[in-house]
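**Student:** What Swiss-Prot lists as S-adenosyl-L-methionine binding site is 101, 102, 117, 118, 153, 154, 171, and the listing cites a curator's inference.
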């Protein structure tokens with residue numbers, strides 16, 4: 001995949017070349033999207049809109065730390081939707097990992113989560129965030145046990161993941177109406193990178209065959225159900241709903 005690769009570390013140690021080789025990235029000086037290695041982290045920038053800033057994965061500080069410490073925990077909608085109850089903490093495959101936010105919330109309340117991400121740039125961002133998270137004194141121990149990244153297309157990986165998870169979680173990209181600054185910024189940069197999720201409807205059936213208990217699909221409240229398959233079961237929040245479908249028991 002072609003993208004502009006920029007090294008701002010000043011280290012001169014060739015780390016960016018190693019990273020590019022690992023993820024199959026090819027430097028393209030004219031590309032509007034840039035993957036930038038800074039002294040702190042790896043980030044994605046839209047070069048023609050510098051005001052948007054860089055997008056990076058941070059499980060240790062910022063919004064994710066706040067959500068972990070002060071968020072709803074088991075009371076969060078995504079936790080309710082996957083069926084967390086009492087001692088039951090399902091094994092989850094997040095087949096549309098994105099920046100890993102929902103996967104992290106589930107891991108922080110005790111679920112084991114395998115994140116699937118097919119885009120090599122997004123996978124590189126996730127991997128960078130995980131490496132920093134794993135090294136953190138406060139969260140590193142449980143994060144290594146509970147949150148993993150698999151770089152693969154969900155459409156193919158969902159048929160051969162073992163062991164089977166109890167829950168498959170899907171949050172396909174859907175055009176956002178909200179004008180919240182964060183969503184707007186991220187979605188603009190993200191959609192410039194990966195384009196629309198045109199094959200998302202094809203994920204529901206393999207997800208239902210893989211999950212032993214349920215499939216959870218996050219949708220904006222104005223979006224039709226995935227693959228136009230309606231379900232009466234959903235956890236509804238302000239602005240979103242988590243549609244719940246039966247999986248395929250062992």
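Backbone N, Cα and C define each Cβ position, glycine as well.
Bear in mind that the values here come from a model prediction, so they are computed numbers and not experimental data.
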**Student:** What residues, ordered by sequence, lie under 8 A Cβ-to-Cβ from residue 102 (S-adenosyl-L-methionine binding site) and sit at least six positions away in the same chain?
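**Tutor:** Same-chain residues close to residue 102 (S-adenosyl-L-methionine binding site) (Cβ under 8 Å, separated by 6 or more) are 78, 94, 169, 171, 218.
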**Student:** CB neighbours of residue 154 (S-adenosyl-L-methionine binding site) within 10 A?
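**Tutor:** Neighbour count, Cβ to Cβ under the 10 Å cut-off: 27.
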